[in-house]
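**Q** My questions will all concern the structure given below.
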Amino acid sequence: MSEGRTFLSQLNVFNKENYQFSSSTTKKEVSNSTVDADNGASDFEAGQQFATELDQGEKQLGILSCIGLICNRMLGTGVFAVSSTIYTLCGSVGLALIMWAVGAIIAISGLYVYMEFGTAIPKNGGEKNYLEAIFRKPKFFITCMYAAYIFFLGWAAGNSINTAIMFLTAADTEVTKWNQRGIGVAVVFFAFLINSLNVKIGLYLQNILGIFKIGIVLFISITGWVALGGGLKDGYQSHNFRNAFEGTETATAYGIVNALYSVIWSFVGYSNVNYALGEVKNPVRTLKIAGPTSMVFLAIIYIFVNIAYFAVVPKDKLISSKLILAADFFDIVFGGQAKRAAAALVGLSALGNVLSVIFSQGRIIQQLGREGVLPFSNFFASSKPFNSPMVGLFQHFIVCTVTILAPPPGDAYLLVQNLISYPMNIINFAISAGLLWIYWQRRQGKIEWNPPIKAGVFVTGFFTLSNLYLIIAPYVPPSNGESVYSSMPYWIHCVIAWGIFFFGGVYYVVWAQLLPRWGHYKLVSKDVLGEDGFWRVKIAKVYDDTIGDVDTQEDGVIETNIIEHYKSEQEKSL
């Protein structure tokens with residue numbers, strides 16, 4: 001009956017042989033009889049309920065691996081590069097620290113929203129799965145919007161620029177608009193090349209550089225406490241905590257929201273495990289431990305690092321340091337040579353983040369190609385010639401290059417930061433508001449929704465309102481001279497973000513409406529279980545003159561069409 005159906009009853013997943021389908025689905029519950037170590041079902045606990053079929057591929061990621069995925073993605077250059085900007089916008093040490101605490105609370109609430117969706121739909125794909133589950137009509141519309149969001153944003157560009165600035169500082173070379181651009185492009189190209197030619201070497205570099213990140217932030221934190229205790233040379237202290245809230249009155253609504261954007265930029269990555277949940281051992285237990293552990297650890301470390309900055313760096317230097325605050329911190333504590341060494345280490349940390357981001361983005365582009373969403377899908381789905389998503393990686397390299405070269409050099413890092421954060425807030429608002437709608441539907445008895453981890457109405461509502469504020473507030477005009485950009489309008493990142501989503505809407509009209517009408521076919525989709533054991537959506541064209549009216553055909557005819565389409569595309573992409 002309709003009131004007893006699961007929320008995801010239209011996702012069409014089932015079992016056959018190598019390629020498996022279903023035209024209807026019921027609640028998936030792991031029973032005691034199915035928990036068998038031999039068939040891999042021991043990755044789930046008896047009695048757990050899921051709103052989708054479970055991936056059957058190899059489970060490789062445990063708790064420590066998932067903690068590493070989150071920390072390596074979150075700990076990029078944010079805490080090294082944005083603290084100066086946050087202090088400048090807030091006007092005081094106390095308010096700046098409060099912004100870091102507020103950002104951490106927003107990120108933790110977001111983590112629990114993603115954990116709820118992740119334990120309801122423990123499959124690879126992250127927010128794409130959740131958006132498609134919430135916004136089922138018009139079909140393919142939200143998929144096109146999400147594809148545009150992924151395709152046109154240069155996620156790795158900001159940290160590539162920061163890597164360039166850090167390496168130039170380490171070399172004691174003046175940073176100019178062209179050398180930072182040139183090295184920034186070279187950094188992205190290096191990341192593209194490594195991840196394309198040898199995936200194992202790329203992962204090895206990411207892990208090694210991840211150790212550098214943890215070591216740097218721990219060392220800065222300890223040094224800060226030593227400074228507060230008067231343990232530096234000649235008992236030096238900055239005395240920034242004598243009146244911690246002095247200057248708070250200069251903060252504006254525009255400054256607060258942009259400071260919060262910078263903080264949230266530093267927490268991007270808390271949902272990183274959701275992209276690979278199909279490969280996680282016992283995803284419910286793993287998320288319960290890995291998610292909160294990573295977030296609490298990094299939130300505390302971020303606060304300690306900022307306390308260290310304020311304990312050592314005088315206020316005038318805090319304002320002028322911009323992206324090289326960490327290097328100036330080491331300069332004050334240990335001298336000029338330490339500044340150059342610190343800049344090199346922070347540059348390596350940024351490089352590790354670039355490697356991690358382009359690694360993930362290339363695979364998302366490849367997956368969109370495999371599903372059939374992108375034009376020239378076979379091209380983007382290909383793993384030739386090095387068994388890597390080289391085309392997807394190259395696409396992200398091109399977008400990052402344009403993002404690095406297009407804006408004025410002084411504004412490039414902040415533009416990328418805001419250009420990533422703003423549309424991400426739109427996505428997060430849609431997901432959290434959708435979860436509130438699910439709660440309402442469940443309360444009305446219209447759907448079943450009982451994932452193992454629940455964020456709850458209060459946490460989800462807080463995350464929804466936080467993102468709504470972050471969507472609206474950037475339109476408040478800044479006071480004179482307060483704009484975060486020196487050569488561009490303060491609203492430029494908002495316009496670009498909405499333009500990208502608008503393009504996704506236009507693509508939907510052309511790809512999913514006009515072309516099928518002109519070509520006399522319909523786009524149909526099924527969740528397909530491939531030979532690798534992982535479920536993925538497959539979109540295929542079903543021509544009217546081949547099988548008649550698609551809406552009246554039995555599922556077997558359509559499934560046969562998709563299977564053949566899926567097999568042929570797999571063969572072409574190998």
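Indices start at 1 and increase along the chain as displayed.
Placement of Cβ uses the backbone N, Cα and C atoms for every residue, glycine included.
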**Q** Out of 62-82, 398-418, which range is noted as transmembrane segment by Swiss-Prot?
**A** 62-82
**Q** Same side of the membrane or not: does Swiss-Prot put N124 with Q441?
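**A** Domain labels match for N124 and Q441 in Swiss-Prot.
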**Q** Could you give me the DSSP helix, strand and coil counts for the topological domain 'Cytoplasmic' (114-140)?
**A** 15 helix, 1 strand, 11 coil
**Q** Same chain only, please: residues at least 6 beyond the ends of the topological domain 'Cytoplasmic' (204-207) with a C-beta under 8 Å from a C-beta of the stretch. Say none if there are none.
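**A** Residues packing against the topological domain 'Cytoplasmic' (204-207) from afar: 68, 72, 194, 352, 355-356, 359.
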**Q** Flag the pair the transmembrane segment (93-113) / the transmembrane segment (294-314) as in contact if three or more Cβ pairs fall under 8 Å (sequence separation 6 or more).
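**A** Touching, yes - the transmembrane segment (93-113) and the transmembrane segment (294-314) meet the threshold of 3 or more Cβ pairs under 8 Å.
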